[in-house]
Amino acid sequence: MEMASRVEIDEDSDNNKGSMWDLDQKLDQPMDEEAGRLRNMYREKKSSALLLLRLAFQSLGVVYGDLGTSPLYVFYNTFPGTIEDPEDVVGALSLIIYSLTLIPLLKYVFVVCRANDNGQGGTFALYSLLCRHAKIKTIPNQHRTDEELTTYSRSTFHEQSFAAKTKRWLERHVSRKNALLILVLVGTCMVIGDGILTPAISVLSAAGGIKVDHPNMSNDVVVVVAVVILVGLFSMQHYGTDRVSWLFAPIVLLWFLVIGGIGIFNIWKYDSSVLKAFSPVYIFRYFKRGGKEGWTSLGGIMLSITGTEALFADLAHFPVSAVQLAFTVVVFPCLLLAYSGQAAYLMTHRDHVVDAFYRSIPDSIYWPVFVIATAAAIVASQATISATFSIIKQALAHGCFPRVKVVHTSKKFLGQIYVPDINWILMVLCIAVTAGFKNQSQIGNAYGTAVVIVMLVTTLIMTLIMILVWRCHWILVLLFTGLSLVVECTYFSAVLFKVDQGGWVPLVIAAAFLLIMYVWHYGTVKRYEFEMHSKVSMAWILGLGPSLGLVRVPGIGLVYTELASGVPHIFSHFITNLPAIHSVVVFVCVKYLPVYTVPEEERFLVKRIGPKSFHMFRCVARYGYKDLHKKDDDFEKKLFDSLFLFVRLESMMEGFSDSDEYSLYGQQTERSGDGLLNNNNGNTISFNIDTTISSVDSIVPVRSPMHANLTVRSSGQVSSQTETDELEFLNSCRDAGVVHILGNTVVRARRDARFYKKIAIDYVYAFLRKICRENSVIFNVPHECLLNVGQIFYV
């Protein structure tokens with residue numbers, strides 16, 4: 001029997017009575033009451049508008065920090081040498097203007113952000129959205145009851161539609177599913193690379209302002225200052241951003257207003273003719289005049305749109321309308337003014353391109369702007385680090401990352417997390433990049449490589465989203481994909497020229513993380529497939545009898561398994577090596593679904609295995625990729641509450657059947673019904689019940705043969721007595737003690753396996769399992785209640 005529940009509060013039916021009377025009363029209302037109603041509507045609209053403005057303000061600190069700090073280093077990376085022709089500055093500015101318009105504004109803010117998964121952004125959020133619309137998940141643990149979740153939103157389409165054909169094409173071959181997964185993993189690894197490179201280039205560029213005012217200072221001093229700031233930033237991560245996040249938005253807003261104001265001042269003071277860069281003609285002239293050097297300078301131009309991918313990954317707690325409002329009203333115009341002001345300054349100071357931003361600041365406000373720039377760089381780094389933690393958590397939920405500790409840093413916001421192991425890895429790599437390169441140019445080349453690859457991955461996944469989820473016309477899909485690829489491939493071709501000048505760094509980092517993530521996922525899939533194929537048959541279980549051929553000792557045994565159906569192989573291994581088993585056995589499966597969250601009232605699915613006398617159950621605890629199976633004293637309590645409720649509902653449903661069906665190897669036997677119970681608050685709780693007592697390979701009777709010939713009335717009486725006895729039995733077993741039984745599985749490659757499989761399984765996967773956290777730690781199982789069962793799988 002499987003059970004999913006949701007809470008529904010019954011509305012009083014009397015509320016619908018007298019509707020005609022209410023209508024007459026409304027028609028007879030005096031004019032002042034009507035005016036009052038209009039005033040209330042106006043106040044509601046005004047309050048919603050104010051709320052939107054407040055959210056748009058708050059989104060500045062979380063979403064746009066990275067994009068906003070780009071003016072610190074764009075012109076230096078575009079012209080690493082000197083500027084020979086002032087017209088090159090106008091051409092570069094024109095490229096920046098249209099890059100900001102096409103990629104962040106049109107593509108991300110107005111298209112990609114609409115593809116969020118219930119407010120969650122990032123490559124894995126898009127992948128989860130696709131997994132709900134097509135069977136492309138590589139771990140085959142889906143069940144039809146998962147689709148009944150309230151958060152499992154999906155659209156349907158006609159069988160002959162282009163979307164249906166695309167869906168069948170994706171599902172037809174495993175290689176296509178794996179190719180899509182690898183594409184998602186590549187994008188994820190590049191985002192992790194951003195988490196390393198963004199703090200490095202942002203903080204180093206901000207700290208470089210010290211040297212501008214003190215020209216004789218060694219560059220090593222700037223590097224040391226940057227490293228100290230980075231160490232402090234990463235060391236403070238375990239406190240979370242909840243306590244200081246209220247400062248982020250004012251800092252970033254002040255930063256945008258300052259750079260926009262400085263831009264206006266520089267345009268007025270130095271050269272207003274740079275505004276002609278709004279004409280795209282100067283882009284053509286720039287490439288014609290610059291040749292190959294002009295083309296490779298696109299790697300520096302592209303840094304003006306870095307942070308765009310973090311914009312989508314950090315979408316989290318803000319509605320799309322607030323993000324769009326903040327970008328169009330504040331971010332976009334201020335960035336255009338900032339770049340135009342720097343260009344105007346460079347028109348008359350071409351030899352100052354190395355420190356263009358700081359040298360263009362008026363002397364009277366230099367140090368205040370330096371402080372604001374440093375604070376903005378820290379905020380930008382924080383946003384990228386938080387996005388990295390979030391995407392690691394999503395990868396963990398999809399079985400694509402080794403088990404690591406995930407800590408919630410806020411009681412208010414579920415999305416604010418801290419991953420200690422990843423934090424220290426990011427810090428070490430970030431310091432290595434900062435101290436190793438020591439200049440912005442090479443870090444900028446590395447940064448550009450990571451950003452453009454993430455954008456390409458997003459474009460390819462968005463193509464599938466537009467077809468399968470939005471069901472757009474193929475012409476619109478082709479238009480979006482074509483325009484995006486033309487722009488991004490142009491940037492990618494320029495970045496390739498700088499692979500040997502620092503661009504190799506994100507490729508090496510991404511390759512290392514890709515190897516880790518894919519090998520872990522490959523080992524997880526192989527282990528799951530082995531467990532699926534080696535499940536214990538119900539015929540063997542039933543042949544053992546109610547005692548399972550052992551001594552049934554008082555207590556409840558919670559057997560943890562990854563299987564959501566069937567009896568795992570670890571159980572047969574356990575009972576063949578030990579002389580006793582607990583009186584009640586519950587197989588617990590903690591399963592993550594391709595949804596952002598699973599409501600608490602829909603968390604558990606409970607099912608009986610075998611006849612009642614066996615006292616064996618299965619409980620599937622379902623989580624979304626934003627949920628955390630954290631240390632929760634209520635987890636065990638909620639599990640047993642669901643189990644007891646299942647027994648009561650099962651007993652209630654028995655009276656609705658007048659015949660019994662018995663089959664061990666036949667088709668699924670299904671009966672369904674609805675049950676209602678009242679909770680302590682008087683609200684009605686509705687349960688959708690599917691009383692299928694089955695698994696993939698077996699179906700067992702709903703009730704024992706002794707009840708077969710009873711009338712409905714007597715059946716209800718006997719069922720009530722049986723229910724009471726079983727509940728008392730379960731309570732007594734629970735009081736006797738609960739033991740958590742976990743499988744300590746060792747995976748080995750078969751002797752006849754190919755050499756690359758042996759390397760992946762016997763060395764890489766085995767090493768990752770050795771250094772990652774144990775299941776007992778993840779499930780927070782106390783050591784005094786833990787029993788490990790060792791076994792070896794050959795895959």
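Just so you know, glycine gets a Cβ as well, placed from its N, Cα and C.
Because TrEMBL annotations are produced automatically, they should be read as predictions rather than curated entries.
Model, not experiment: these values are computed from the prediction.
Feature annotations, reproduced from TrEMBL:
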type	residues	note
DOMAIN	55-541	domain 'K+ potassium transporter integral membrane'
DOMAIN	554-792	domain 'K+ potassium transporter C-terminal'
REGION	1-25	region 'Disordered'
TRANSMEM	49-69	transmembrane segment
TRANSMEM	178-201	transmembrane segment
TRANSMEM	246-268	transmembrane segment
TRANSMEM	294-313	transmembrane segment
TRANSMEM	325-345	transmembrane segment
TRANSMEM	365-392	transmembrane segment
TRANSMEM	413-435	transmembrane segment
TRANSMEM	447-469	transmembrane segment
TRANSMEM	476-497	transmembrane segment
TRANSMEM	503-520	transmembrane segment
TRANSMEM	540-560	transmembrane segment
TRANSMEM	580-598	transmembrane segment
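Here the transmembrane segment (413-435) does not lie next to the transmembrane segment (325-345) in space: the count of CB pairs under 8 Å, restricted to residues six or more apart, is fewer than 3.
Between the transmembrane segment (447-469) and the transmembrane segment (476-497), the number of CB pairs under 8 angstroms, six or more residues apart, is three or more, so the stretches are in contact. With a threshold of 8 Å between CB atoms, the same-chain residues lying at least 6 positions outside the transmembrane segment (294-313) that come near it are 63-71, 73-80, 88, 91-92, 95-96, 99-100, 103-104, 108-109, 112-113, 116, 121-122, 191, 194, 198, 286-287, 323, 335, 339, 380, 383-384, 387, 390-391, 444-445, 447-448, 451-452, 454-455, 458, 490-491, 493-495, 497-498, 503.
Away from its own ends, the transmembrane segment (178-201) comes close to residues 66, 73, 122-124, 126-127, 130, 136, 138, 170, 226, 230, 233, 306-307, 309-310, 313, 380-381, 384-385, 387-388, 391-392, 395, 400, 426, 429-430, 433-434, 440, 443-444, 446-447, 450-451, 453-454, 457-458, 460-461, 464, 505-506, 509-511, 513-514, 517-518, 521 of its chain (Cβ-Cβ under 8 Å, at least six residues beyond either end). Within the same chain, the transmembrane segment (246-268) stays apart from the transmembrane segment (476-497): fewer than three Cβ pairs sit under 8 Å, each pair at least 6 residues apart. In this chain, the transmembrane segment (49-69) lies close to the transmembrane segment (365-392): three or more C-beta pairs between them fall below 8 angstroms, excluding pairs fewer than 6 positions apart. Here the transmembrane segment (476-497) has Cβ contacts under 8 Å with residues 99, 102-103, 107, 111, 295-299, 301-302, 445, 448-449, 452-453, 455-456, 459-460, 462-463, 466-467, 503 of the same chain, all six or more residues outside its ends. In the predicted structure, the domain 'K+ potassium transporter C-terminal' (554-792) carries a mean pLDDT of 69.
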